[in-house]
Amino acid sequence: MESPNMRKRLIEMESSLEVKKTATTVKQEPLETSSPLLASMISTAPNPPPTSPHALNYLTLLAAFRQFLHGYIQAGGDENLANTLGNYVAALPMPPNSLNPIGPLNAPKSPFKQQQKFHSIIKAVKREPVSEPAQNAGSGDSSVTLSSALGEDAVPQNRGSCTSMKPVPRFVMLPVVAAQSASPSASGPTSEIQQLREAAFGRYKNVLCVICNEWICSRNRKNHIEAHLNYRPYKCSACSYARRREIFVDQHIRTQHKGVEGVVMLSDVDLHVAMEVDRLAEECVTRTRKIIDTMQEKKDGDFGENKDFDEKALQMMLAEEAENKVVVIESVSQVRPKVANYHRRQRTKVLKKIYDTDVAKQTELKIVKDEEGGVPTMSIKLEEGFEINLEDLMKMVGAGSSITDSNEPGPSEIKKELAEV
């Protein structure tokens, strides 16, 4: 027999199992304004967070464009045109920031608003009052457009946008400040004498040597004077080779004494001779400038009509040489009256030489003793009897530099030079 306690326990266990089997129900309470967040969580399901679209960049746009071209060809489009566009796109270099996101493209504004804004900017340009009365001039308040400023009013403008605008004047009706009339001398061609004067102040190509009376290249006038003075400060220690520039001696040592130890370049720079070279080079420029300036004064002054120009130029040159017809060369013991150079000789023939050829051959050397110290110095006396004309000067200053002025004599010319000296 079951005891009462056992039966009581079975009843309690059965009742507890029945309670677990019954479904629990939630009593819905009315929504209150005091707890809106809790009410929304209970009554409605939570919405998923908004997902942003995939950011566009250069690579995605490039892939989309290729897909577009592929679809264009599949739709029956022109294959050649699509391939051409694809080649152009493939030729573009890769941008440095190809992965940066690309923003949306803003829609363009209406053309009517843009044109109104354009006209509002152009209205700042207005006509100024003209001193002389203009019969066909419009009102001073009329605006000026770009087409009117360019003289294109005959072209019909946009018919649908600017119908309310007033007619604008043409560009020819706008006041224009008259330019100052240039003087006849400034507008006309430069005179020959003016060209000579400009050339004498450093823009010429040839000057007259004060030693040999030949036209020499202006850029190489110092080299030419050094050749006259026989100034060769750089020498080879192994032989008698000497030149006026270091580069020639260095090249001689590398080629002729290659591999020989102890061969160096000897330097014997004389400052007195270097200063004399500079002085004589500047004297060449001074003489050329004085010749041109004196010819200008004589031509503009007392040149008569009955006398030939060459004859008067001869008189002027004789007077100029009388003032300074002896060129004193200081600090030099030996002077070469002629520097053998075939190219310069040919150029001098083309320029006709200011001095006569026979006079240039009669150039003589003489020793002039200084009265104070009694030291003999070398000088050049220029004979009188040369001719000059303006055409020769024009050819001199305008002669091209196609013929180089190489002051280094050739082998055959060195023999002639030694025979003359």
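Easy rule for this one: first residue shown is 1, then count along the chain.
Yeah, the Cβs are placed from backbone N, Cα and C, and that goes for glycine too.
Per Swiss-Prot, the stretch carrying the note zinc finger among 75-96, 163-184, 207-228 is 207-228. Looking up the ranges 18-41, 114-137, 234-257 in Swiss-Prot, the one annotated as zinc finger turns out to be 234-257.
Looking at the stretches 290-311, 400-421, the one that Swiss-Prot records under the feature region 'Disordered' is 400-421.
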